[in-house]
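Visitor: Structure incoming, see below.
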Amino acid sequence: MASSPKDSSNNQNSLSQLLNEVNYIIKKERPECRVLSIQSHVVHGYVGNKCAVFPLQLFGFEVDSINSVHFSNHTQYEKGARGQRLNATDLGEIFEGLCDNKLEREYSHILTGYCGEPTFLQKVAGIVKHCRQYKPDLLYVCDPVLGDNGNYYVPKELCTIYKKEILPLANIITPNAFELSELSGGLPVKTEEECLKAIKKLHLNFPNLNSIICTSLLVNSEGKDFLACFASERIFSDKNQSNSLHFYRFEMSYIDSIFTGTGDLFSALFLAWWEETEGNLCDTLKATISSMQAVLRRTAEYSKLKEEKTISKRELRLLDSRMDLLQPPNINQIIFKEIE
């Protein structure tokens with residue numbers, strides 16, 4: 001049935017508004033923003049840099065990526081994965097090539113994720129220090145990848161290196177509950193109270209950290225499971241010439257499925273929205289969580305539709321969700337509150 005002129009006019013207005021909103025972000029120039037992203041890479045699927053580079057580019061960031069590993073696919077596949085791992089020497093050679101051409105002087109942001117080898121991670125610390133010689137205000141967002149659900153999937157030695165060499169350099173970290181527990185010295189992180197205690201301990205140990213984001217903690221309230229994201233920020237008061245810590249809780253639906261690459265996508269979206277909101281933590285997290293929920297729902301729905309229930313059918317539907325990355329849906333429905 002053909003649309004009436006009135007319906008057609010409304011559709012055009014709606015489309016025009018949509019295009020204007022999308023164009024605003026896509027056309028936004030960020031001449032001072034260049035990200036160095038150091039994390040894993042896979043040929044097939046979406047984890048590590050495969051999750052991080054596209055969203056950042058979508059938001060107008062120039063992104064240079066160094067792959068800590070180059071695998072055929074992520075390691076949760078039935079027959080594992082094949083590929084190569086970079087060691088500290090490999091990383092050093094690549095970075096020296098950037099330095100030879102003075103390209104490392106352009107980085108305004110560094111984003112790191114999976115670094116599976118101790119000396120490789122130590123080399124990352126040196127890279128951050130070097131880049132800050134040219135950009136003292138460089139923002140370092142660190143996803144301290146150690147493991148999940150009580151298990152390490154990197155050598156435990158990396159936890160010590162994170163605490164001694166990486167966290168003192170980071171501005172923002174995005175650990176999951178297991179990683180937060182390990183970095184805080186083994187404090188349990190199973191409730192809101194325990195999570196905040198661990199976050200406070202890290203702020204005490206690392207006064208350089210502006211924000212700590214515990215990306216997901218399964219909470220049960222009134223017999224209903226939901227995921228909560230807990231966040232902190234250090235706010236400086238000109239009046240008192242002192243810092244104060246503020247804490248927030250964000251609630252999101254629990255989607256009963258198994259996903260990979262969620263932490264990598266979260267940290268990249270966080271960085272993008274942090275710049276877009278000019279450092280407004282709550283707005284950044286509302287947008288990030290809203291987009292994440294949309295991607296996960298679409299992935300879960302896609303997986304259910306497929307007769308063949310394989311891991312490949314649960315790869316994040318990132319390209320299908322590109323509009324949800326630019327325009328987070330239902331952003332005003334994200335429940336959050338400041339915790340006293």
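Glycine too: its Cβ is placed from the backbone N, Cα and C atoms.
Relevant sequence annotations retrieved from TrEMBL are reproduced here:
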type   : residues : note
DOMAIN : 128-272  : domain 'Pyridoxamine kinase/Phosphomethylpyrimidine kinase'
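Mind running through what each feature is packed against?
Guide: Residue counts of the domain 'Pyridoxamine kinase/Phosphomethylpyrimidine kinase' (128-272) by helix, strand and coil are 47 helix, 47 strand, 51 coil (DSSP-based).
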Visitor: Where does the mean pLDDT land for the domain 'Pyridoxamine kinase/Phosphomethylpyrimidine kinase' (128-272)?
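Guide: Taking every residue of the domain 'Pyridoxamine kinase/Phosphomethylpyrimidine kinase' (128-272) together, the mean pLDDT is 93.
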